[in-house]
Amino acid sequence: MRSRKSSRAEAPGLPTDRQLGLSWDVPGLLAGVDEAGRGPLAGPVVAAAVILDDVQPIRGLGDSKVLSERVRERLFDEIRAKALCCCIAEASVEEIDTLNILQATLLAMRRAVAGLRLRPNKVLVDGNRLPVLQVPAEAIVKGDAKVAAISAASILAKVHRDRLCLALHEAHPQYGFAGHKGYPTPDHLAALRVHGACGAHRRSFAPVREVLLERRP
């Protein structure tokens with residue numbers, strides 16, 4: 001087995017695993033976890049888990065929300081090719097409406113970690129809430145801008161969900177999902193009032209619920 005050295009996968013400005021008190025010199029692996037799609041009115045919430053390979057650096061990692069779509073798409077392919085392992089998971093619209101968005105997000109995170117081919121000995125999660133996991137975990141606020149593995153997870157989750165929204169647009173072009181990605185923009189809210197909700201809309205979210213009530217006979 002090849003020896004592990006301190007991680008070189010972080011982009012300039014991101015702290016190394018050793019600076020975070022984590023080291024490849026001890027047995028085990030570090031996974032980063034992040035989500036995409038908590039705020040939209042439609043579609044699943046997506047989570048990703050990534051274990052990076054310190055001998056295959058990925059340059060340019062950062063918060064997916066501040067990267068251009070072109071850069072995210074390029075990094076998506078590079079992360080999938082170079083990571084030791086990764087997993088993208090979802091919680092459905094039905095699960096969101098049944099559990100609430102927070103619990104559905106934590107469920108998607110659990111599924112992403114459980115789907116990793118390798119078992120991490122620690123999981124770092126973006127934000128301030130942790131899913132229940134079988135391994136030690138730590139929540140890191142703004143972790144997608146601080147930790148390379150979380151940044152990689154945020155990119156995988158964001159790109160995957162954006163692609164789902166393109167598919168939703170093909171099925172329901174009247175809502176404009178390709179543009180707003182399900183977020184409550186004025187155009188999306190106007191389309192909801194005109195066309196009502198489709199099967200991809202989250203009925204538990206107030207703007208959708210209000211439209212459904214308005215359209216009751």
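Keep in mind that glycine also has a Cβ here, set from the backbone N, Cα and C atoms.
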Same divalent metal cation site per Swiss-Prot - residue from Asp97, Asp126, Asp162 joining Asp34, Glu35: Asp126
All-chain count of other Cβ atoms within 10 Å of Asp126 (divalent metal cation binding site): 26
